[in-house]
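Swiss-Prot annotations:
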| type | residues | note |
| --- | --- | --- |
| DOMAIN | 1-159 | domain 'Obg' |
| DOMAIN | 160-332 | domain 'OBG-type G' |
| BINDING | 166-173, 191-195, 212-215, 282-285, 313-315 | GTP binding site |
| BINDING | S173, T193 | Mg(2+) binding site |
Amino acid sequence: MKFVDSASVRIEAGKGGAGCLGFRRERYISDGGPDGGDGGDGGHVYFQGQDGLNTLSEFCFKRLFRAKNGQPGSGQNKRGKSAQHLTVEIPLGTKVYDLVTDELIGEMTKHEQTILVAKGGFHGLGNTRFKSSINRAPRETTPGFPGEVREIGLELSVMADIGLLGIPNAGKSSLIRQISSARPKIADYPFTTLHPSLSVVSFCDKHIVMADIPGLIENASKGAGLGFKFLKHLSRAKVLLHVVDILPVDGSDPVKNFLTIEKELKKYDQELANKEKLLVINKIDLLPEKDRNTMVQSLLKDICYKGKVFNISALNGLGCKDLVAGLFKLVLRK
């Protein structure tokens, strides 16, 4: 399914049903009074959050959502049936905007949370409502009121506990395959990850959600590569996991690669750049065992990093169990 993280739709609530103009007509009653009933109310339109959804692609094909109208009233003071409300499901992490006023209507953060987007029209009044001591046979009624019509914008930011960072081919997809049941595409060329993806990591009957985005490259803030436009999907993450390939196949410098990511993060959003991070040094198995500690310490010194570090091999699983345990300990503490 195509990943879509923004959409615009037209929402039309239902119109209220018209009031009835009616008079009592029965045998032996020549001049019955008014008995026109009220109409029914128009249907509201709600958005509802669903945790099984992770894209707005549905709204590429359907852009109009219209609730039904209320039924008109009828004789014998019978009120028209009110219309059922329309509920439209959207992914968690979606912000709902009014495109005309730029008002933020609401934000989906919980499963089955509902947001009222457009109110249905109020019902029309039957002529019985207008009977009075001086007007015993009113012919006045009111039509149903129109429902609200709104142009709505949807902006999705995926909800995850952990956000993955790294240059293309740093090993993020391999890491996801190693510690979760997800099976992202892996290849020896950049940008095998083309859009944000979510995976669930389990440990001791607990679960956390990890988000991966396309790798970042230098000048991403100017539009280079694929990852920059997806950085917003890491904004909700509790912790960022920066994956560094210590022995890149393209011969690039891992120190420069790390600093490039940090620089592009700051250009995008200082608040995101200041999120708590863990450093994962990948492909540690390719280093001679006797030199591993020295090379890792040299890297940490060059990037001036003093936080928590995990040395792993995403290919064969070396160090991944310790990484998962550390992630759960950190996330569950927040």
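Note that Cβ sites are derived from N, Cα and C of the backbone, with glycine treated the same way.
Neighbour counts of Cβ atoms within 10 Å were compared across the binding-site residues G166, P214; the minimum falls on P214. In this structure, the C-alpha atom of S173 (Mg(2+) binding site) lies 13 angstrom from that of K283 (GTP binding site). Neighbour counts were taken at the CB atom with a 10 A radius for the binding-site residues N169, S173, S313; the maximum falls on S173. Per-site Cβ counts within 10 Å over the binding-site residues K172, K283 peak at K172.
Here the domain 'OBG-type G' (160-332) returns a mean pLDDT of 82 for the predicted model. According to DSSP, K172 (GTP binding site) is assigned to a helical segment. DSSP assigns G166 (GTP binding site) to coil, not to a helix or a strand.
Reduced to three states, the DSSP call for S313 (GTP binding site) is coil.
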